[in-house]
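Per TrEMBL, the features are as follows:
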ACT_SITE  Cys358  active site, nucleophile
ACT_SITE  Cys361  active site
BINDING   Arg152, Thr154, Trp165, Ser219, His222, Arg251  FAD binding site
DISULFID  Cys56-Cys61  disulfide bond
DISULFID  Cys96-Cys131  disulfide bond
DISULFID  Cys358-Cys361  disulfide bond
Amino acid sequence: LTGVLDDCLCDIESIDDFNTFKIFPKIQKLQERDYFRYYKVNLKRPCPFWADDGHCSIRDCHVEPCPESKIPVGIKAGNSNKYSKAANNSKELEDCEQANKLGAVNSTLSNQSKEAFIDWARYDDSQDHFCELDDERSPDAQYVDLLLNPERYTGYKGPSAWRVWNSIYEENCFKPRSVYRPLNPLAPSRGGSRILGSVCLFSWSGLCLEKRVFYKLISGLHASINLHLCANYLLEGKPRWGPNVKEFTRRFDPVETKGEGPRRLKNLYFLYLIELRALSKVAPYFERSVVDLYTGNGHEDAESKALLLDIFRDTKSFHMHFDEKSMFAGDKKGAKSLKEEFRLHFKNISRIMDCVGCDKCRLWGKLQTQGLGTALKILFSEKEIQSLPENSPSKGFQLTRQEIVALVNAFGR
């Protein structure tokens, strides 16, 4: 690929150079740090859209949860949206104080009502989320060591996998009118032959910038996942993983894909730019002394934060960022409505990830979707981030540890 990307003033060669020499070596080191390698996820949540059509029984689909003894004490005991040692045991105290305040307003409130008010407050806090977040308090939520459960081709394919992506594109994605994607490719068509998919001329006619951006992000995420599977493929005749050039060609070669493959790859670069922009915007949140990236190991925590801040400095030095201010810039009422539609579409896609039948694919799908959702949350919270208090948690903008881990690992992917 070469040349300028659509909808931004950035060329592919500049992104390649910047990523290869500045960002990638540092982000790779950061992903190996304890704070970022352990991700808490619920892989047992039922699919909310259709009856479960069976889990992948292939051995390589399995995810090995992390034994309790291996999880750093600061992460294990930590509150989901607190980072410093001092704040880690403040959750119960906060709930108690909030209940007392509610009780002072109306002393006749039952404990059950007070709990409901606290839950409503938490619900209000979640209204800026672009993702359906797992409940970390659920007994089904488990820590996973991402380094020991790498994203790679497991053999999961066929109707179940296609159903997930088809639902994402056809029901939850703003797409160019001319892009046709097949339903289940294994199902016979009316004429009895198998549907192999159809592609026609690509046109953005009638699609505003915001909807173009949404489609490109989902297409870029899809391309990213497919690239990981091609690069880490179970090779025939050899019990090992490695690059599968034939599979890569099938998914991305211009001839094999009737011209769509290079466009998919360009959307991956676009996705990179969006997440890069989010990292540059969220830097003030982490530059505060109240944020520790706490694991219980003081020396490692300090090094992790220093490395993260170093990455932020690099992201700010990039001179061809995507300008998110060009989005939702029309009349206030229309812009607000479109932004909410954008958020709800993406939130639905995050819920579809609970329909993925392979646990390893579900893990990485949920993580990368949550990472992109966190990036979008950041880009639409610029005012709140700029007005953060230096020495206390913010009520206007917060990131849970899960969101931070997902953001860094999704960008790393």
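Just so you know, glycine gets a Cβ as well, placed from its N, Cα and C.
Automatic, uncurated: that is what TrEMBL annotation is.
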Open item on the list: Need one number for the FAD-binding residues Arg152, Thr154, Trp165, Ser219, His222, Arg251: the maximum pairwise CA distance in Å, whole number please.
Closed with: 21
Open item on the list: Considering Cα atoms only, can you say which of Cys61, Cys358, Cys361 is the nearest neighbour of Arg251 (FAD binding site) among these recorded positions?
Closed with: Cys361
- [ ] To the nearest whole angstrom, state the Cα distance for the pair Cys61 (disulfide bond) and His222 (FAD binding site).
- [x] 19
- [ ] Using all protein chains shown, find which of the binding-site residues Thr154, Ser219 scores highest when you count other CB atoms within 10 A of its CB.
- [x] Ser219
Task: Within 10 angstroms of Thr154 (FAD binding site), Cα basis - recorded positions out of Cys131, Cys358, Cys361 - done: Cys358, Cys361
Open item on the list: Applying a 10 Å Cβ distance cut-off over all chains shown, what neighbour count does Cys131 (disulfide bond) have?
Closed with: 25
Open item on the list: For Cys361 (active site), which of the listed recorded positions (Cys131, Arg152, Trp165, Ser219, His222) have their CA atom within 10 A of its CA?
Closed with: Arg152
Open item on the list: Looking at the recorded positions listed here (Arg152, His222, Cys358), whose Cα lies nearest to that of Cys131 (disulfide bond)?
Closed with: His222
- [ ] Looking only at C-alpha atoms, tell me how far Arg152 (FAD binding site) is from the residue listed as 'active site, nucleophile', rounded to the nearest Å.
- [x] 12
